[in-house]
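Participant: Quick one: this structure, given as structure tokens, is what I'll be asking you about.
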């Protein structure tokens, strides 16, 4: 699902990506892959993921299906909040809870603690990752924790990693 989510993100960000030095040559932004071709690939990936998901218990199927809300909402976050990395953390780390439920068929506190811990890890590393695009992002209006905390990034990332541990 991560690949399907990344492709969907590239479709939604096509016009942003054209204006960012690091991303302007991505297949969709550069026109090497059409939006239709990308959507077809997303559908194929989602069908494969569904076939795999249906092998699990009902609770895991419900959680896996509900994760699609996160996957297909994330690309819009950088347009409305300086916290898209938080939403990315919620999305990327959902598999922690799914893995637990696949094995136990219940939800308990242990995977919830790990899930929230991993969200802080994602906040930290994706803030660092976003620093390379900060100039372009400010020009085109992309919001991120990298932009928000650019003057205090060491403190912010250090805090995230402290909370991760």
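Note that Cβ sites are derived from N, Cα and C of the backbone, with glycine treated the same way.
TrEMBL lists these features:
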type	residues	note
TRANSMEM	33-52	transmembrane segment
TRANSMEM	58-76	transmembrane segment
TRANSMEM	83-100	transmembrane segment
TRANSMEM	112-131	transmembrane segment
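Tell me about the surroundings of these features in the structure.
Facilitator: Under 8 Å from some Cβ of the transmembrane segment (83-100) lie the Cβ atoms of residues 2, 5, 60, 63-64, 67, 70-71, 73-74, 77, 107-108, 110-112, 114-115, 118-123, 126-127, 130, 143-145, 148, all in the same chain and six or more residues away from its ends.
Long-range neighbours of the transmembrane segment (112-131) within the same chain, counting only residues 6 or more positions beyond its ends whose Cβ lies under 8 Å from a Cβ of the stretch, are 85-86, 88-90, 92-94, 96-97, 137, 144-147, 149-150, 153, 156-157, 160-161, 163-165.
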